[in-house]
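Structure first, then comments.
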Amino acid sequence: MNGLSKGVPNGGMAQFQEEMRQQLETSMHAELEKLLDTATGVDKEVSKKDFDGFKKLFHRFLQVEGPSVDWPKIHRPPEDSIQPYDKIAALPLPDSLADSLNKLVVVKLNGGLGTSMGCKGPKSLISVRNENTFLDLTVQQIEHLNKKYNTDVPLVLMNSFNTDEDTKKILQKYTHHRVKIHTFNQSRYPRINKESLLPVATDIGMTGENADVWYPPGHGDIYASFYNSGLLDQLITEGKEYIFVSNIDNLGATVDLNILHHLVSQPNGKRCEFIMEVTDKTRADVKGGTLIQYDNKLRLLEIAQVPKAHVDEFKSVTKFKIFNTNNLWISLGAIKRLQEQNAMDMEIIVNPKTLDGGQNVIQLETAVGAAIKSFDNALGINVPRSRFLPVKTVSDLLLVMSNLYSLEAGSLTMSQKREFPTTPHVKLGSSFTKVQEYQTRFESIPDMLELDHLTVSGDVTFGKQVSLKGTVIIIANHGDRIDIPAGTILENKIVSGNLRILDH
């Protein structure tokens with residue numbers, strides 16, 4: 001907006017900018033109507049609902065200028081607003097745990113593709129442990145709960161248009177498992193030309209020229225799309241009261257009975273509508289969103305909202321000690337109320353992209369945790385690091401496949417044989433980026449129980465039953481190849497060139 005206002009006298013600046021906003025909004029609405037005219041039947045109805053949400057987001061985008069927080073108004077959250085997990089876990093669990101579980105729905109965010117790990121299709125279908133995919137492990141966890149407590153906890157998957165078809169095909173294999181599985185789709189929004197601020201799409205289709213002109217608008221879209229799907233009302237009618245939401249690639253995000261009991265038993269004598277699990281920051285987490293007190297409300301502060309002058313302060317591990325794991329416990333009734341009152345308030349994330357043809361576009365997104373300030377009596381719970389075990393890269397995959405973890409009923413737990421509860425720092429180089437390359441470079445996963453740090457770069461392969469201890473750095477120089485023979489034990493070593501093993 002600022003570039004449009006050069007040469008306009010100050011007195012008329014506000015009026016000029018408002019006229020420009022209205023003009024842009026009118027043009028956007030006209031283009032969306034043209035797109036709708038290319039749709040028919042159910043497609044048209046679904047797209048109309050999607051576009052209604054997009055128009056609200058676009059309207060707010062035109063109003064916002066600069067970072068959305070006033071830095072001096074930021075305060076640390078009150079002591080009792082973020083509770084230590086140990087305090088909650090110390091309370092005895094009631095005999096009526098099944099009653100609480102029967103009020104719960106597990107929701108997994110399943111909109112992402114496995115492209116960052118070199119895989120096609122939904123990320124949830126990548127094998128992560130003993131041939132089990134993320135989705136397999138999730139189903140096993142919930143089925144175990146339902147069998148153990150004789151309950152009916154359903155699984156809901158929020159798919160995107162990228163993952164829906166492939167996910168639905170795979171769901172048939174769980175027909176005989178003791179888990180009801182529902183799906184609904186995230187909205188489909190049009191990518192916006194960065195220059196004209198109009199949609200790039202020419203029709204409602206998703207093939208040919210239109211293959212990359214649509215996007216799912218971030219996981220903050222869960223509230224509107226869940227409500228629009230009718231599934232929210234259906235679950236409330238079935239007596240469900242809370243959802244536990246998490247990313248499907250976070251293998252630490254299992255149903256925690258202590259947190260569920262705390263939520264249902266009304267902490268502080270008030271009905272709590274939203275719990276965010278946070279955990280202590282390390283230097284690897286400095287970009288993660290954190291909880292603050294702002295205008296007397298608990299609020300999620302993301303790095304994109306921070307004024308440039310304060311980014312280093314935001315990254316500080318001493319001032320902002322915790323970050324959001326995106327494991328959230330939310331009241332279904334509250335989601336329904338806020339949707340119907342149009343009172344769900346989430347900051348807009350402007351995500352710039354470049355399409356294959358070189359065109360610069362932006363996509364407007366929201367984050368699910370940002371809605372915390374809209375809910376009554378929201379709480380943070382500072383959980384152990386073990387509840388945050390995301391698999392974003394093959395380096396993460398190596399950790400969860402190794403003997404650092406044992407697998408039981410779909411849940412991974414850190415081996416008791418490891419002396420330190422923290423995970424090793426693992427950095428695999430560009431030769432390992434894709435899952436397929438990674439698999440060919442490891443004949444078997446090394447023993448990592450005593451590993452602190454691993455860096456691997458270049459053309460490196462591992463034989464069977466290799467053990468890694470302490471700090472191990474393996475770097476193949478350009479044109480060299482390093483083969484680590486079967487049975488090798490590397491402890492505090494640097495390996496470089498043609499398998500020269502040096503004391504570190």
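We count from 1, first residue shown onward.
Placed from the backbone N, Cα and C atoms, the Cβ positions cover glycine too.
Where the annotation comes from TrEMBL, it is an automatic prediction and has not been curated.
Feature annotation from TrEMBL assigns UTP binding site to K123, Q186, G218, D249, K392. The substrate binding site annotation in TrEMBL covers H219.
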Which of the listed binding-site residues (K123, H219, K392) has the least company, meaning the fewest other Cβ atoms within 10 Å of its Cβ?
K392
Would you mind reading off the Cα separation of D249 (UTP binding site) from H219 (substrate binding site), to the nearest angstrom?
14
For the UTP binding residues given in the record (K123, Q186, G218, D249, K392), what is the largest pairwise C-alpha separation in angstrom?
21
Quick one: which of these binding-site residues, K123, Q186, K392, have their CA within 10 A of the residue listed as 'substrate binding site'?
Q186
Among all protein chains shown, how many Cβ atoms are found within 10 Å of the Cβ of Q186 (UTP binding site), not counting that one?
27
Spatial neighbours, same chain, of G218 (UTP binding site) - Cβ under 8 Å, 6+ residues apart
I349, N351, E365, T366, A367, V368
Other CB atoms within 10 A, centred on D249 (UTP binding site):
22
